[in-house]
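Inspection log for the structure reproduced underneath, given as structure tokens.
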Amino acid sequence: MNFLPKSRKARRRLTILAVAAPVVALAVGLALWGMRDAISLFYTPAQAAAAHVPAGRKVQLGGLVKAGSVVKHPDGLVEFVVADQRSTALVHYKGDLPDLFREGQGIVASGAFDESGTFVANQVLAKHDERYMPREVAKALKEQGEWRGDGQAPSYQGYKPGKPNT
């Protein structure tokens with residue numbers, strides 16, 4: 001019983017397909033493997049807590065800076081809490097904050113969680129006017145049913161400075 005096509009043209013096409021398919025699959029696999037460190041997933045604090053993001057994994061954390069949570073240390077370390085009404089995350093950032101960074105406003109921080117669950121940011125991006133919300137933050141808030149299109153800052157109940165509510 002012969003499974004190969006009878007015509008020479010069909011056998012040639014099958015041979016080319018049998019050689020090309022694994023080569024293309026290998027190329028796509030290598031490209032994705034090479035980009036694994038460049039891919040940065042976006043989470044809100046609640047999503048990060050639910051997903052149990054492993055320590056050291058590069059992610060973006062977005063939400064609103066909780067009022068009264070910003071602490072600037074003499075060594076240049078800035079500590080603040082990012083919240084999304086369901087959960088909060090403590091963020092440490094060493095460096096200069098954007099000029100538009102302020103409490104009650106939306107931010108997106110890039111970095112990784114450490115072993116203690118603190119988000120260590122290497123970059124902080126702030127919204128640029130009263131009406132703008134970073135796309136990822138707005139989408140996440142809409143999915144959670146917490147979106148406020150009127151620009152009002154949400155109120156946070158039960159917040160204690162220095163300790164994130166999770």
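Cβ coordinates are placed from backbone N, Cα and C, and glycine is handled just like the others.
Copied from Swiss-Prot, the annotated features are:
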TOPO_DOM  1-13  topological domain 'Cytoplasmic'
TRANSMEM  14-34  transmembrane segment
TOPO_DOM  35-166  topological domain 'Periplasmic'
BINDING   HIS128, TYR132  heme binding site
REGION    143-166  region 'Disordered'
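Only residues 6 or more beyond the boundaries of the topological domain 'Cytoplasmic' (1-13), in the same chain, are considered here, and none has a CB under 8 A from a CB of the stretch. Secondary structure of the topological domain 'Cytoplasmic' (1-13) per DSSP, as helix, strand and coil residue counts: 6 helix, 0 strand, 7 coil.
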